[in-house]
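In what follows, a single structure is set out as structure tokens and then discussed.
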Amino acid sequence: MKHFVVIANAYKDRDFALTNKIVAYIEQKGGTAKGLMSNVEAISDNEFELEDIPQDTQCILVLGGDGTLIRAATRVETLEIPLMGVNLGTLGYLCEVEEATVFDAIDSLMADKYMTEDRIMLIGHKRGSETSRVALNDIVIHRKGNLQILSLNVYVNGEFLNNYHADGIIVATPTGSTGYSMSAGGPIVDPKGDMILLTPNNAHNLTSKSIVLSGDDEIEIEILSRREQNDELACVSYDGDTTAELAVGDRFVISRAANHTKICKLHQRSFLEILRKKMGNYS
């Protein structure tokens, strides 16, 4: 591959210092590259647009950390261009390359010495609404405002699964299994898997456990009332970005998205090897 876009976290590559070095390096080797900015906020006036990405782009290099890569992946998901993360942060499961090895990585990419992994994404929408959004890690239904738990009915493919009294419900992809889902007690699974993880967050029940569902399943979450006023409100967060509110009686539908995120890999390291290395740093 010869045609690249470099998306940089504006707070981790200030003044585009590393981005400019990468663009110059690629051009020196006969390729093309364009630098774009990504902000910490998922919605920002300064965030890049799809129109900014040239049609001949073969790879997107994302400078920052897992969060930056996730934001970029969901923003460009319709293009299905492979991404490679360059870790400028701390703990990065998605970012295989570090700043010290980025130019060696570019050499490998330009010599076509790489593989790609397909990662499933989720798509969610409120029942009755035509507005939907995708997530690479997770979609979370969680309480808003007062410190009170939610009452949630969960259905899978139209069949009632369970009622949860909890702070919320985390619906995660295999990629997201090492994120918020793990913190709430969910299982860690191979990120290449085709499954959906359902994990109650702080459930008011001694027996509530995570459930691993098929990637083909459709999950529907209904907001119930626990108060006479029927004034409970819940929020929907996609990969940590809160974008919508749900009221009593609303139903929210989550399923596997049509498109995948393609991650460039340079080494055939097993998921367990990566897990040992990353988790070992924080044990």
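Cβ atoms here come from the backbone N, Cα and C positions, even for glycine.
The following features are taken from Swiss-Prot:
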BINDING   ASP66, GLY67, ARG71, ASN137, ASP138, HIS165, ASP167, THR178, GLY179, TYR180, SER181, MET182, SER183  NAD(+) binding site
ACT_SITE  ASP66  active site, proton acceptor
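Features per Swiss-Prot, on structure.
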{"residue": "ASP66", "record": "NAD(+) binding site", "Cβ neighbours (10 Å)": "23"}
{"residue": "ARG71", "record": "NAD(+) binding site", "Cβ neighbours (10 Å)": "26"}
{"residue": "ASP138", "record": "NAD(+) binding site", "Cβ neighbours (10 Å)": "27"}
{"residue": "ASP167", "record": "NAD(+) binding site", "Cβ neighbours (10 Å)": "20"}
{"residue": "GLY179", "record": "NAD(+) binding site", "Cβ neighbours (10 Å)": "22"}
{"residue": "SER181", "record": "NAD(+) binding site", "Cβ neighbours (10 Å)": "26"}
{"residue": "SER183", "record": "NAD(+) binding site", "Cβ neighbours (10 Å)": "11"}
